[in-house]
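The transmembrane segment annotation in Swiss-Prot covers 17-37, 51-71, 93-113, 140-160, 169-189, 194-214, 221-241, 246-266.
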Amino acid sequence: MLELLLQPFNYNYMVKAIWVSAIVGAVCAFLSAYLMLKGWSLMGDALSHSVVPGVAGAYALGFPYAAGAFFTGMLAALAMTLVRHITRLREDAIIGFIFSTFFAVGLLIVSLNPTSVNVQSIIFGNILGIADEDVLQVEIIILVSFVILCLIWKDLLAVFFDESHAMSIGLSPLRLKILFFTLLSACTVAALQTVGAILVIAMVVTPGATAYLLTDRFGRLLIIAIAIGAITSAFGAYLSFYLDGATGGVIVTLQTLVFLPAFFFAPKHGLLATRYRTRLKRRHPPVHLPEDNL
């Protein structure tokens with residue numbers, strides 16, 4: 001029995017897949033906590049699709065896909081940030097416009113160069129076939145991103161919670177947002193290898209959403225989100241060996257299975273707890289004393 005459980009670790013490609021999935025899942029979860037705080041989950045979706053033209057263009061021109069993905073991801077992030085600052089358009093309109101534009105350009109490039117673009121790798125990822133140089137590239141991206149996030153997490157919290165207060169204490173919201181989106185773009189590029197462009201959104205939303213239901217303290221939220229992201233990603237890669245299924249699909253399914261109990265049974269913000277409090281308020285409405293009795 002033990003030999004069967006340890007069997008995936010006998011294969012170098014599985015060890016690499018589990019390791020890379022764990023570190024990518026951890027840092028994506030770190031970022032997801034801020035996306036939940038700001039209500040920017042759609043931003044993660046937009047960035048995950050905005051890297052498609054970069055990947056497709058890099059494949060078509062023979063350049064490293066990571067460089068192309070990072071370039072278009074950063075371009076999309078900067079466009080969304082700057083357009084928000086110089087126009088009166090709502091954020092959801094800006095995100096929807098840029099998301100659809102970049103994804104359309106990516107599909108156009110794929111249609112023009114169908115033989116030079118590995119569409120399946122873009123959409124579903126290819127973590128089991130990741131090369132050693134790609135592992136090193138992902139490790140560098142994740143390490144740099146994690147160190148920067150650990151250094152500025154309180155500054156980002158101030159900006160995402162209250163920009164006016166952040167400015168009053170000498171922080172630059174615009175610069176910190178650009179830095180955040182730079183890190184988000186870099187981690188999106190890393191996550192492409194793990195789950196592909198379509199499912200990246202789950203890795204930068206689900207862990208943070210789950211943790212958001214379980215605690216009101218941001219420090220704890222970060223720890224819970226990172227733990228969920230790392231464990232589900234590593235175990236998903238491990239489990240995919242036995243299921244013989246898409247690694248990205250297994251990872252995201254596991255994250256959803258962790259989210260659902262929190263959604264229903266979280267002690268304070270779960271669906272059942274919320275409904276219970278609502279019923280109590282209906283049965284025992286607050287008593288308002290007349291002003292003469294105060």
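One is the number of the first residue shown, and numbering goes on along the chain from there.
A Cβ is built for glycine as well, from the same backbone N, Cα and C atoms used for every other residue.
Between the transmembrane segment (194-214) and the transmembrane segment (17-37) there are 3 or more Cβ pairs closer than 8 Å, counting only residues 6 or more apart in sequence, so the two stretches are in contact.
Listed as Cβ neighbours of the transmembrane segment (221-241) (distance under 8 Å, sequence separation of 6 or more from its ends, same chain) are residues 7-8, 11, 14, 17-19, 21-30, 32-33, 36, 127-128, 153, 194, 203, 206-208, 210-212, 214-215, 247, 250-255, 258. Two recorded stretches are said to be in contact when at least 3 C-beta pairs lie under 8 angstroms, sequence spacing 6 or more; the transmembrane segment (169-189) and the transmembrane segment (93-113) fall short of this definition. Only sequence-distant pairs (6 or more apart) were considered; of these, fewer than three Cβ pairs between the transmembrane segment (51-71) and the transmembrane segment (17-37) are under 8 A, so the stretches are not in contact. Comparison of 17-37, 93-113, 140-160 by number of C-beta pairs under 8 angstroms to the transmembrane segment (246-266) places 17-37 first.
With a threshold of 8 Å between CB atoms, the same-chain residues lying at least 6 positions outside the transmembrane segment (93-113) that come near it are 42-43, 45-46, 49-50, 52-57, 59-60, 72, 76, 79-80, 83-84, 87, 119, 122.
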